[in-house]
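Q: My structure is below; once you've seen it, I'll send some questions.
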Amino acid sequence: MASAQSSGSSGGPAVPTVQRGIVKMVLSGCAIIVRGQPRGGPPPERQINLSNIRAGNLARRAAATQPDGKDTPDEPWAFPAREFLRKKLIGKEVCFTIENKTPQGREYGMIYLGKDTNGENIAESLVAEGLASRREGMRANNPEQNRLSECEEQAKASKKGMWSEGNGSHTIRDLKYTIENPRHFVDSHHQKPVNAIIEHVRDGSVVRALLLPDHYLVTVMLSGIKCPTFRRETDGSETPEPFAAEAKFFTESRLLQRDVQIILESCHNQNILGTILHPNGNITELLLKEGFARCVDWSIAVYTRGAEKLRAAERFAKERRLRIWRDYVPPTANLDQKDKQFVAKVMQVLNADAIVVKLNSGDYKTIHLSSIRPPRLEGDNIQDKNKKLRPLYDIPYMFEAREFLRKKLIGKKVSVTVDYIRPASPATETVPAFSERTCATVTIGGINIAEALVSKGLATVIRYRQDDDQRSSHYDELLAAEARAIKNGKGLHSKKEVPIHRVADISGDTQKAKQFLPFLQRAGRSEAVVEYVFSGSRLKLYLPKETCLITFLLAGIECPRGARNLPGLVQEGEPFSEEATLFTKELVLQREVEVEVESMDKAGNFIGWLHMDGANLSVLLVEHALSKVHFTAERSAYYKPLLSAEEAAKQRKEKVWAHYEEQPVEEVMPVLEEKERSASYKPVFVTEITDDLHFYVQDVETGTQLEKLMENMRSDISSHPPVEGAYAPRRGEFCIAKFVDGEWYRARVEKVESPAKVHVFYIDYGNREILPSTRLGALPPAFSTRVLPAQATEYAFAFIQVPQDEDARTDAVDSVVRDIQNTQCLLNVEHLSASCPHVTLQFADSKGDVGLGLVKEGLVMVEVRKEKQFQKVITEYLNAQESAKSARLNLWRYGDFRADDADEFGYSR
């Protein structure tokens, strides 16, 4: 500034020195601040007061240190005078002369618009407009004072300004220093531009603005950015942060006392967040581009002009290391372009923030959605540590989030843009270990999945340190989406009660499974979602209608077994077990399917058929040579397609049929019998299978009698319920027992361990249970076994020998449970024994021999009997056994194990 190099003396020379500067600010109608040109930093400034004139004082707010002080209003015509100078001088070059300098340092002089004194005399212009007056008592003893006197007389004659009629009260502003409800004030403007004057610049990104026409004086913080500030010390002084003064000057030189428009976007405490619009540009973006500011996440979401513009401007300054970014080190890129952007197929959704995709190479990759956090338990919602947590159902909104992603993405191709790789982290006392994570932006049809999830309130946005660049490339859109979700009370941000999902997991719970079985059988095809694939033929399903989880086994096929971890060893999987599992996963995992439940096994697993898009999964596995047809398929409606699929796979000699060789058909010579075997089959209903392969049946012919008795008995009990705890059970006594389904059945007490443990046998169904005595009662005489005998009769299979090995026996029992439990069969008594009659059992529809089917599958061995009437059937059983041995099925997988010393293992030839 020229005045910094040559200034007038305090006494004032005869010919004052002409100095130049740029008007920074107009303090009032008779005082301005001028500055010089910047050279390596903010330039020096000085205040110039106009000589010989007086303008009204502007309003002043009472000092905060004087609570009883009152605000001083504008004097009449003070604000018009200030505005006259502001519009004429701000940012313009002026020249001035100093005529007088007080002992306190105040400088008085003349100011001219332009580079020399030939320009407009500002004092004369003010007086001529009636916005200022000559100082009282001043004598017109020089040309300048004479001209002021003439200007004042002309203004009076023309009744301009303060000389007009009236007291000038209409020129006094009603200044409003505070706003009672800033949020309501901001919302009332609906983000429409408001005319304003910037009255003060606190730092590069915080200003004081006068909003027009209502004269609200408000502090405005620029949305989305923050400049270096001036730190206030304990002694009251201010210490600027690096580049704070430069940033302040940058904003001052462009906005101070300029006419602008402000978009009021939000509020923070009593301060308003906004964007200042000027005809020459957007100061927010300019500050970023010049390296005077950085983006801030907490307010960038409310920026209405496009947050991506701010990020781009910041990136521009970072790349060039401008000012506050002079020490910036960009993150190292360690990914090839092909690894950074790719298209992949979504195979699985993991909770609510990660997916598993299949790459074009066939490899699988887990992708985490960048910068979002799935729903989680917090505060009072944290459950008892002793209770097993099921995140999908127990964490509020986790199920909704997972379902949103599942329905949108499963089986679809998505675009993946990797944003960052989160390195592996070790476990601490409070945080578990994390493996390396690939975090990316995933889009489908141009929609950012993470943004959609956040906008529905089904996820939240992670907050980072300001200098952390490891974040989503669309981070600002995520913040904006979260702000919308919070404002609209969506999902996690809702004030309503959180949704509760009471999902019963009946996997492996035999008693619960038995209760559900009749409902699922009657339902026919039920809708389901495949939650997990254990193996090619074993799945976990969620049934939405029944709100339960079940383990489901595919019927009609024999799929290769996968590897199993047993105590002390790892059992290797059968060939092609992994391929079968992968095939099923790719086809049905997390897809919506339809299932037909036919039966259940001993472990409470349901058995049936699974359909997806009209295709039967059992048939598809056989068709792709990943399974073989099980003999139980013979009585199903899908036997023909299964058989044709298997035949085609055999001919191709693929996978499980790679070493298939057609076996020559052995002719079995008929054995002449002296005595014919008696075959008189009667219909029965199989109700229970025991662990030693015995079973209980009900006579179909007396079934209606049992139904009528049960109906009458339950009606009687409902009218006269037993008193809880009044019945004292004794071994061998008949009673009534309350089963898990809440109904009463006839039973017999087998053992009393304690009042809390009473062993009972249900005489009409053949199953056993341990109950407390409080769930037992005396059997009413009207429903005793004299009225209707016990309906469950125990039988054993004839002509077969049950394996002594526990695993092998379990396989045989499971097979029988799948095939005949809760189904109608045909029974023929072959011979008697000390324990129970031995019988052959046939399927009611196909007339296939159940026991013979077990032999064919290599699940049991033949019991050779010498009676002549059984020779024909024994021969058939032995031939089936030889076929199973040749095919190395189940018991015979390692050849004929029945060596000379096999007796010690419980086997006999």
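A Cβ is built for glycine as well, from the same backbone N, Cα and C atoms used for every other residue.
Residues annotated as SUMO2 cross-link in Swiss-Prot, with similarity to another entry given as evidence: LYS512. According to Swiss-Prot, the feature domain 'TNase-like 1' maps to 17-165. The annotation domain 'TNase-like 2' is assigned in Swiss-Prot to 192-327 on the grounds of sequence analysis. As annotated by Swiss-Prot, domain 'TNase-like 3' applies to 340-495, with the evidence given as sequence analysis. Under the heading domain 'TNase-like 4', Swiss-Prot lists 524-659, citing sequence analysis as support. Per Swiss-Prot, domain 'Tudor' is recorded for 728-786. Per Swiss-Prot, the feature phosphothreonine maps to THR102, THR234, THR239. Annotation source Swiss-Prot lists N6-acetyllysine at LYS192, LYS640. As annotated by Swiss-Prot, phosphoserine applies to SER425, SER644, SER784, SER908. Per Swiss-Prot, motif 'Nuclear localization signal' is recorded for 320-324, 387-391, and the stated evidence type is sequence analysis.
Map the listed features onto the structure and describe their local environment.
A: Counted within 10 Å of its Cβ, the other Cβ atoms near LYS512 (SUMO2 cross-link) come to 18, all protein chains included.
In the predicted model, residues of the domain 'TNase-like 1' (17-165) average a pLDDT of 91.
Per DSSP, the domain 'Tudor' (728-786) is made up of 6 helix, 29 strand, 24 coil.
According to its DSSP assignment, THR102 (phosphothreonine) is coil. Taking a C-beta cut-off of under 8 angstroms and a sequence separation of 6 or more, THR102 (phosphothreonine) has the following same-chain neighbours: TYR108.
In the three-state DSSP classification, LYS192 (N6-acetyllysine) falls within coil. Neighbour list (LYS192 (N6-acetyllysine), Cβ cut-off 8 Å, at least 6 residues apart, same chain): ILE263.
In the three-state DSSP assignment, the secondary structure recorded for THR234 (phosphothreonine) is coil.
Classification of THR239 (phosphothreonine) by DSSP places it within a strand.
A 10 Å cutoff on Cβ-Cβ distances gives LYS640 (N6-acetyllysine) a total of 11 other Cβ atoms nearby, all chains included.
Long-range Cβ contacts of SER644 (phosphoserine) within its own chain (separation 6+, distance under 8 Å) are none. Secondary structure at SER644 (phosphoserine), taken from DSSP and collapsed to helix, strand or coil, is helix.
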Q: Compared by Cα position, which of the recorded positions SER425, LYS512, LYS640, SER784 is the closest one to THR234 (phosphothreonine)?
A: SER425
Q: Which residues in the same chain, at least 6 apart in sequence, have a Cβ under 8 Å from the Cβ of SER784 (phosphoserine)?
A: PHE734
Q: Neighbour count first, Cβ atoms within 10 Å, every protein chain included; then name which of THR234, THR239, SER425 tops the list of modified residues.
A: SER425
Q: Determine which residues of the chain contact the motif 'Nuclear localization signal' (320-324) at the Cβ level, with the cut-off under 8 Å and only residues 6 or more beyond its ends counted.
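A: Cβ under 8 Å, 6 or more out: 228, 242-243, 246, 290-294.
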Q: So, three-state DSSP: helix, strand or coil for SER425 (phosphoserine)?
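A: Its secondary structure by DSSP: strand.
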Q: Counting only residues 6 or more past its boundaries, what in the same chain has a CB within less than 8 Å of a CB in the motif 'Nuclear localization signal' (387-391)?
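A: Cβ under 8 Å, 6 or more out: 351, 377, 398, 503, 505.
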Q: Could you count the residues of the domain 'TNase-like 4' (524-659) that DSSP puts in helix, in strand and in coil?
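A: Tallied per class, the domain 'TNase-like 4' (524-659) gives 41 helix, 50 strand, 45 coil.
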Q: For the motif 'Nuclear localization signal' (320-324), DSSP counts of helix, strand and coil?
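A: Residue counts for the motif 'Nuclear localization signal' (320-324) by secondary structure: 3 helix, 0 strand, 2 coil.
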Q: Can you tell which of the recorded positions THR239, LYS512, LYS640 lies nearest to SER425 (phosphoserine) in space, using Cα positions?
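A: Closest by Cα distance to SER425 (phosphoserine) among the recorded positions THR239, LYS512, LYS640: THR239.
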Q: Look up LYS512 (SUMO2 cross-link) in the DSSP assignment and reduce it to helix, strand or coil.
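A: Assignment for LYS512 (SUMO2 cross-link) reads helix.
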